[in-house]
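> Relevant sequence annotations retrieved from TrEMBL are reproduced here:
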SIGNAL    1-23  signal peptide
DOMAIN    36-123  domain 'Ig-like'
DOMAIN    240-350  domain 'Fibronectin type-III'
DOMAIN    560-663  domain 'Fibronectin type-III'
DOMAIN    667-755  domain 'Fibronectin type-III'
REGION    946-1023  region 'Disordered'
COMPBIAS  946-983  compositional bias 'Polar residues'
COMPBIAS  994-1004  compositional bias 'Low complexity'
Amino acid sequence: MAENGWFWMSILLTSIILTCTNAKTENRCMNNLITPGYTEPHGDIYIEYGQPLDIICVLNEKYMLEHGENSSQDLYFVRNSETLPREMIEILNSSSIRLHIDNSPKSSSMYTCKIHSTAVCLNLVVVDAKPLPVTDFECISYNYENLTCKWTQMENFVKTTYNLTYNFPGRASRFLRYSCPKLITHSDGKTMSCSWNVLSNPQYRQAQRTFYFELNITNIFGYTVVNKTFSHFQHVLSGPPQNLTHVNVTSDSIYLYWTVPVPMQVFPPGVEHRILYQSEYGERNWQQAGILQTPSTDQMRAVYFNLTNLKYAHALYDIRISMRSLAATIVNDESMWSKNSSITVRTMSKAPGAPPSTNIGSFEIVSSSSNSLNNTDMYIYWQQIGDEIKNGEQFEYYIEVEGQPNIRPVEITNAYAKFRNLTVANNYTFNIWSRNSVGRSEKKSTVFVPTASERVGEPVSFTKIAFGSGKYELSWEQPRSGYRSLKNYTIFWCTHDRDRPYQCSGYLRWEEISNDKTMFNITVSEDKINQFAISANSGTSSSGMVWATCTVIHNKAIGKMEHVWINHVYSTSIEVAWKLDCSDRIGSIEGFIIYYCSIVKPTIASCKEAEQNLTIYGDSRTNRANITGLTPYETYMLAVSVMTKHNTQSQKSAYQFATTLEEAPSSPLNVKIANVTNSSVSLVWEKPISTNGRLKNYRIIYYTNGSSPENVIANYEEYTLTNLTSYVNYNISVEACTVECSKPSPAVIVKTKGGYPSEIDQVGVTFQNDSITVVQWVRPKYPRGNINIYEVNFKKKLQYDNDTVVTNTTDTHFTFDNCGEDGKYNTFYISIRAVNIFDDVRYEGSWSQELESYCRTSPSLWLWMLIPGGFIIILGLFYMAKKMYLHCQEMRDVEIKLPSGLAPVVTTDIGLSNWGGPKIQEEQSHHPSADEELLLVKFPNSGNLSGDSSGCSSGHESVTSSLESGTQISSTSDSGTEQPRSSSTEDLHKNSLRLRNVSSSRPSKGYVTVPPDNNASARSPKTAAPGNYCVLGVDPTPVTSINPNYVPASVSSSESTKLPYILPNASIQSSPYVVTGDLNKPSNSGYVPLNSEANEKNPAYVMAGNKGMIVPDLMRLDSMKPTDLEDKSVYVQVADPATNVRKVTPDNFTRHQPTVDTAPLKTGYVTIGDAPGSRACVDPAKGGYIPHRHFDATKTIKED
């Protein structure tokens, strides 16, 4: 019980709190807004249509205290902006009123309670009913790809929702409904739609024939259901035909092809096609060519249709094809036809369909242009055919004279042809065809022109009277001759933009009337001018056409002339022309008066001065006059009147306006100089008195005496000429220009002010005598003044410094003497500049380029003594050189006397191919001398053993050697040039080792040989000895003669035991030799140095060998004295060419002799080198060569 008590107590408290809260809220119109009162009900009010509306407006207590009682009488209601009448308002008490409306219309309105124009509170009142059913619900399947349903919302003032669903026929799907994937409200806010396709959810059911749609419309007052049964296939709107084109075209048919859109190709009922067309000619309406049905899929893939019986050839046809479902039941329902596919096709051309039409009288006889009475000119007229039967391009009319094809028209248009100088005594038959690019018309038209004697007489006084609105009355009189055979008249009229006398080239029409009439009324279009003509006709002849040249205005007295115009306009004259109407011709014409004056401006048509007039005497044939003496570029107005007999005249014609052309104006006035500088002139002037047109600019012409005139353009009455030459007289004149320029104004001559002279560019020095020097120059090219002074800058080049002196002169030369000032200088530099002085202001030009010159001084006594002394010295040196040369020549011819045992041997070129040939026969008992043995050992501190390298010393003569390969190795001097060796072993075998003979006229190359052992001939130097030495070869060719250049080196058997190596076998037939020399060229790898000092340029060398051995290179023999960088001991080793000598290293050599192989050494080669060093030799078989030193064989060893 206690718990139930607490429960009911809490509910009571909650109710009290809510009631208090609501009461507090209701006392306000709206939250956070303080107003004088509030309304009941509070907020928005929704009322169903037909129910009454009641609103109570209450003032709050605070307002009542401030404004007193009975304030409710000032309360009233406003709906939107309309104040409601007091009959709808009831005063409840002193603080409240009530609004009552029995039948409020459907609306959404704002009701406002006010007091003294102050809003107390407001309410939005919506009066509406339950939704109305939509009336335009419809669904369309577009191209069998999607289904779209649309409808328009009915007017609703409350929020209304729509829900669209559908189901299909049948018991199974009756309760299975499908909803709309998405409802869409269109931009107009009223139209709504829903679409289904194959991708939507639910999908578009293409095969379903019937849909049951249900549209539910709901608002706060209720709901409405709209049911719609939709026959699917009847409402499929196809897309337009695709790929529409023409397959073939003729002049009257077009064969068409198109395809059905792919989605519609599987449409079960099929489609039908409507073909519409219209031509550019004929009536502008669509004609239906037929309806084509394609019920099957195969027929819809490619559709063909032959559009036949087309009326016009070479005509554009606009063809449009549309489709619709075969299931569509409403025949005339255009909404179910698809959009059109269009194509424009032009039919093929063919010959024109008809010739032009003619009449028996459609010709005109005019006077001959040759003024001959026997000849005449003729115009043949015809009626043009319509464009629809021209049937092709390049259309024209073709005319020829029957039987006389050589007579051709001089002019032919679309309406007539002109023939000139035809004989009046002949008759002519003219045949006329229509012709285009295909051919001419099948038929022809004919105009027969009889002879002058056979023609019917022309009607007389043919006149046209205009009644207005295109109505004309034509009148004439019978012909004076031939009227008895007259059968009828033909009235012609032709539309043209001008009246006679211009030939009409428009469309010609005619009408035949009986011969008893002399008047004819006709109504034509008044948009254009119509020319009228008449012909009188018999059965076989006609008078030809007579044109009406005058139009009489009905019921019009003599008035002002109507046809006046400006014919030509010139700069000082205007030609005015006119044409008289028939009414203007009444009475005898005496002449014409032209009135004219210049006007104030084009917008004010009043004379600037008194009007002038010009009288022209003449008759009706006078049709123009020329007014002269006019002002150029002036606007004039002109009028014309006709003078008749008895001094009467017509009214003035309407004024015509014309502006004369522009021409050159008068010259500018008062040309003055405003300012002058050294490079510019400022001008001012006044405009010309007569501009004679629109003044465009001014042209200023200026020039100096002897120069071509120049001109510049100025846009105003002032201008400054710039970039002028200083201190020059200029002739200046000004021209004013419109379309042409005026004559120049009187010339103004002005001289520009002085300025800086230009640089002097021609300076010269002339020595008049030993003490006077003249410096000359020319005036600057642009002096820009009188050149008051020249400054000469004289700079002296002294022994220790330079001295510069600037001297002034007024001449173009400067003289100075005492050149050199007693020898203190002998060179000077001159530069000059010009100086202008204006108003104590110096204008200094640029210095000229410095001219360097030398002083001319008199020769001194030492010079006179030095010249002959030098000549004597030169002669002495020449004599000594010649003496030395002769001495050297003599020493070269001295025969060498060798010690005993060193017999000279002479050899020729011996090819290495004779390696195995006979050996040189020598004495077997020969032993080397002591000198030869010494050459094979190493001499410490022996100095230079080679002797003088010049070949002229008294010491040991040097004999250098070289090798020749198969190719010639030429060296006529001791140049040290290295020549290439043969690159193959075969080439080495073909080489020869030559010896230069002293007595030979041609220099040759010497070499040395060492006798090989007995088996030397059996061995071939296939490889070079490795290690620290190079191999000397032998020449296997026997020596048949003794040559003093060879130095035999025989060693006795007793001495051989003392040597640290095995000597060559003494039994060898070849005589060995050793050659030493001094290298007088820079050392290279081919030299063999011997005991050279560190400071010697040319280390000595030694060569040893035998003629029967190959000498591939010369060996280097370094000095025994160690260098600063390394401590090496030299050695000499004799080896067999086929035996390899192992490399000597610091571990296996003694100080002065290298360690040799334990195997017995064999004679035939000498190797020289440093003990620890290593230099690789070139293998002859590998195509390389070992450089060698050439020597001159004329250098020989003198006797000891």
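Any Cβ shown, glycine's included, is placed from N, Cα and C.
Where the annotation comes from TrEMBL, it is an automatic prediction and has not been curated.
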> Where does the mean pLDDT land for the domain 'Ig-like' (36-123)?
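In the predicted model, the domain 'Ig-like' (36-123) has a mean pLDDT of 89.
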> Count the residues of the domain 'Fibronectin type-III' (240-350) that DSSP assigns to helix (H, G, I), to strand (E, B) and to coil, and report the three numbers in that order.
13 helix, 52 strand, 46 coil
> Going by DSSP, how much of the domain 'Fibronectin type-III' (560-663) is helix, how much is strand and how much is coil, in residues?
6 helix, 55 strand, 43 coil
> What does the DSSP secondary structure composition of the domain 'Ig-like' (36-123) look like, as residue counts for helix, strand and coil?
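Summed over the domain 'Ig-like' (36-123), the classes give 14 helix, 48 strand, 26 coil.
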> Could you give the number of helix, strand and coil residues in the domain 'Fibronectin type-III' (667-755) as assigned by DSSP?
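Going through the domain 'Fibronectin type-III' (667-755) residue by residue, I get 0 helix, 44 strand, 45 coil.
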